[in-house]
Amino acid sequence: MKGIRSILIAFGLFAFACSSASAYDPSPLQDFCVAIKDIKNGVFVNGKFCKDPKLAVAEDFFFSGLNRPRNTSNPDGSNVTIINVDIVPGLNTLGLTLVRVDYAPYGVNPPHTHPRGSEILLVVEGTLYVGFVTADPDNRLFTKILNPGDAFVFPFGLIHFQFNIGKTAAVAFAVLSSQNAGRITIADAVFGSNPPINPDVLAKAFQLNKNVVKYLQSRF
């Protein structure tokens, strides 16, 4: 456990330094800006309204519980725990989000993209097959097998994924360069949109039989 803690501390410091240097979110013009729900007692800077700095407390910058495994009993076999400004108000305007991802054996964090941020992922347990695909027209695939202590970068806005290729559970932590990086899961967006995309469009785009498209839409 000491080794894992050391890795996480080093990873956190590295990610914070990189994000502070080139975060996508606008750079703050003050030391911090603790988010507040009651706008009557706040000042708007960027992101969310800010608490009066004199009223800030240590709990505004704190979260406990990332050591606990999450439930992965779902079709993907994964669970993403997001620690953002809604969970830790002190993250407001700092351009950071922390994520824990739990993977069941052969679980997947399916192909998705973050439209407002880059990501660096650190594996602490298990073995993951990860990768991302570049933009048109090359659509070049970059992949790597990661073991505990290995890290991998997913560039801004590109489709990426993680797959647990081991027979045991896996855990990874990630830092994103935005307090609201967003997430678009490709299959959910294409086949599970509301209202549904016209099956004729998807049949043509994916070169599939229309009945296959309708079946896929029924799954999402």
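Using the three backbone atoms N, Cα and C, a Cβ is placed for every residue, glycine included.
Because the structure is a prediction, the values reported are computed rather than measured.
As written in TrEMBL, here are the features:
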type: SIGNAL; residues: 1-23; note: signal peptide
type: DISULFID; residues: Cys33-Cys50; note: disulfide bond
type: DOMAIN; residues: 64-214; note: domain 'Cupin type-1'
type: BINDING; residues: Asn109, His114, Glu119; note: oxalate binding site
type: BINDING; residues: His112, His114, Glu119, His160; note: Mn(2+) binding site
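For the binding-site residues His112, His114, His160, counting C-beta atoms within 10 A of each C-beta gives the highest total at His114.
A gap of 34 Å separates the Cα atoms of Asn109 (oxalate binding site) and Cys50 (disulfide bond).
Separating the Cα atoms of His160 (Mn(2+) binding site) and Glu119 (oxalate binding site) is a whole-number distance of 10 Å. A simple way to gauge crowding: the CB of Glu119 (oxalate binding site) has 23 other CB atoms within 10 angstroms, across all the protein chains here. Summary of the oxalate site environment: with the site residues Asn109, His114, Glu119 set aside, the chain residues having Cβ atoms within 8 Å of the Cβ mean position are Val99, His112, Thr113, Leu121, Phe154, His160, Ala174, Leu176, Ala181, Arg183. Between Cys50 (disulfide bond) and His114 (oxalate binding site), the C-alpha separation comes to 25 Å. In this structure, of the disulfide-bonded residues Cys33, Cys50, the smallest number of CB atoms within 10 A of the CB marks Cys50.
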